[in-house]
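Written below as structure tokens is the structure these notes are about.
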Amino acid sequence: MVSALLLRARQNGRAARCLDYPKVKCWALASLPKSSLEKPGFSQVRRFSVFHPQSQVNLDLTRNIGIIAHIDAGKTTTTERMLYYSGLTRRIGDVDEGSTVTDFLPAERARGITIQSAAITFHWPPAECGNATRQDPRSPRSASSHMVNLIDTPGHADFTFEVLRSLRILDGAVCILDGVAGVEAQTEQVWHQASTYNIPRIVYVNKMDRDGAAFGRTVREVASRLGGWPAVCQIPWFEGGDGRFVGVADAINLQGLLWSGGDGKSVKRFSLSELDEAESQLAQELRRARVALVELLSEHDEIIVEKFFENEEDHLSVSPADILDSLRRCLLEGNGRKIIPIFAGASFRNIGVQPLLDSVVDLLPSPQETPDPEVAIGGVKGSLRRLLSGDLLVEQKEKAAPKGKQKKKAAVVADSRNAIKQLHGCGLAFKVVNDAKRGVLVYVRVYSGSLDRGSLLYNTNLNVSERAPRLLKMYANDAVEVDSISEGQIGVVVGLKHARTGDTLVACTTNKATPPEPLDTLQLRPIDVPPPVFFASVEPHSLAEEKRMHESLALLLREDPSLHVSIDEDSGQTLLSGMGELHLEIARDRLINDLKAKATMGPIEIGYRECPLGASGPVTKIFDREIAGRKGKAGCTAEIEPFDPETSPAPDPAALSVEIANGNQIVILAPELQIETNKKGLEESPILPPGLDVDAVRSALSNGCLAALARGPQFTFPMHSTRVTLTLSPTAHIFGNETTSASLSAATRLATSTALSNLISNPASASATPGTCLMEPLMNVIISVDEASLGAVVHDISSSRGGHIVSLDEDVPIASTDLSIPNTETPDPELDLPPIDPAKVYAPPDPFQSSTVVGGSMASDARNRPRTITAKVPLKEMVGYLKHLRSLSAGRGTFVMSVDRFEKMSPPRQKAVLTELRGVY
């Protein structure tokens, strides 16, 4: 009884104390054009004066975080409260009204969902005239104002790449769960994606004010489905034990936090003794939560064990600062896989957001505390820290030096350190946006040094240099100009014509067009792009509009690399491929409404693949014609055969290269090449003509082969599960200076295309099966329904849709269902933890799920119990499935899916699909 608690506290002379979340006194609108201030909705955003002009940034006081979750879990709603309480906005935006700061695209406001990630910067605790202090901080960290660079990410599965490229540059994340739905399918997907990048995460259980919210059940699902030990830092506070949700009980500080007032700024704090007087049940549960928290930490952190013994083995006597330090150590050491701190709240009711912000500052890492970024330079891979120390350059130079001509160790070290001194800044372009007024905006995370306004940036992926005329600090759709973007910060470079997602940008002290060797080869780990599975034709309204349409498509692809454009050689149609139906719908809206392309998009179709049924035999082709006014002549031999990663024999160990691309294996044989390494670390051969090194040969042969594999010989779909063996003979295929990269690529494409055609007309042997067959995307599908709908949904998947049920469980751990891009890194054996038994996890009881319920409500609870179906289903059968699922589950079912693999069709199914595609086959 909250009112009784307040009254008793006053009667005893212990007035409830307000939490010291500083009031913001010194806000100022940045100097922006009046036209900008007149924009609808813009007036709510205001900025810290310390952001403009740019000041020196303390990395210890910086947090680069993302908000990740299932769709409709409350990501944007929580973000709006964070901006409001930090003082950045004057009012709280509403998703339903379309007045949010981070969802600013017309399509986002119309649909009420996040489509593209939005970056925004604020301070927590709020800075007061550039100097923030808190009289009663939770920890030394939350006593100082921190700069928080926050990215609000989409929750829909079709925008997986938008989440991936945001996670690539983040240091920490807040995963928001719906307290009613618990851990949903898309939650598992984004959690697994964050794990591949080793990002520490905390969990915020939202919507605790809703009917059916179950904090305890959600905690147990975190353990069983996300694979970490839940560290319950807060428990929900319901008025009278089972009334409305009014606040949280803090297990770290042993206090109750009660929210009152419409905007949530009024927060009152009650000690454990005060809770004992009026909320004894809550106080007892809070003690149990503290004991469980200390016990859990003691299993993973030796220091907290020492603190426990220093406090006479009293769990309640361990200081909050010691607990926070222990939580932070466990979180950072395990990268969010061992310990998962859990908090509670109801963002829409303005409850729980300020303590969540405190936890972002207290628990999540600064840029200096994150795992060392991976880099590659001159063919040598290592960490950024090794590069900056000079050790990686020493290794690269020693590897590149010809045998017998190595310099002394001291000289190599001196050269390496001198080279590193010329590196002024290094950053990764993780997003490109075409803004109607500002032009092309390239979002950059700086990992070393700084990128300054007016400096020359060298793109090591494209080998081009561009000047950075303007630099911006973004606040969703608005921006403030800055002089530089320093290490650990996220900013925007305006006006770059060539930079793409995943490119590395380097600035050197020499400010020359090309950095000194080998800095011109420095590359940060790129961003993986998942394969598209849907496509639609795009046609201009007239021939005069065709050029404009292709220019708009090029801009669209630069913004979103998960889209793909190809040309159907038979029909001449332009095909746009994407991750899902909604993905292509949004791309169409962007193309027509924003980029003003006068074009029409056809119906959305499935991207099938073609695979060989037999081998082709070797085919040799000589290309001999002019290319761009220059005579070119080269040759190549290609041979086609089926490929299966598990059953196909290993390629020739003497191969020049073996590459897996788009599900195909390309093997390059060049037995007669005499390969040597030059002083730059590049491979050369005296047999090759000048200007053509071994890497250029590899690239030319690979590109030519990939171009041919993009179109199958029988059904015109891209090839898959195909091994192409390319053989290059210097005596038969190299013709002096006439042989260039372009002619080699053209010869390879010609040979590979002919070999593909021979699969049908001239197979390798009379016994070989001629032709190719179709492959279709087989999807990993996770469906969430209640017990009452389980039978109908399982029957529909296994019979009507030709799917295969993998598991039928209440709890499906993420490790068993990979819904993401495969992780190419070697897993840490210490983090390969066994499944967690939910029975061993502390979780507070849920007041609305009592076992003493009488009558038929127990049966009703059983029928409403959430169940999870994991299945593998052909993509064709999942098109439009959501509407059907909702009809089977009374509107409560949800699902998420991603590509598992491409699978060969049976002859009857292939015939049916071709009949549907072409009318009659």
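Glycine is treated like the rest: Cβ placed from N, Cα and C.
Noted in Swiss-Prot for the protein shown:
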- 1-55: transit peptide (TRANSIT)
- 60-368: domain 'tr-type G' (DOMAIN)
- 69-76, 152-156, 206-209: GTP binding site (BINDING)
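The binding-site residues listed here are ALA69, MET208; among them, ALA69 has the most other Cβ atoms within 10 Å of its own Cβ. Around ASP72 (GTP binding site), the same-chain residues six or more apart in sequence whose CB sits under 8 Å from its CB are GLY155, ASP178, listed in sequence order. Considering only the binding-site residues LYS75, HIS156, the Cβ with the fewest other Cβ atoms within 10 Å is that of HIS156.
The number of other Cβ atoms within 10 Å of the Cβ belonging to THR153 (GTP binding site), over all protein chains shown, comes to 25. The average pLDDT computed for the domain 'tr-type G' (60-368) is 87.
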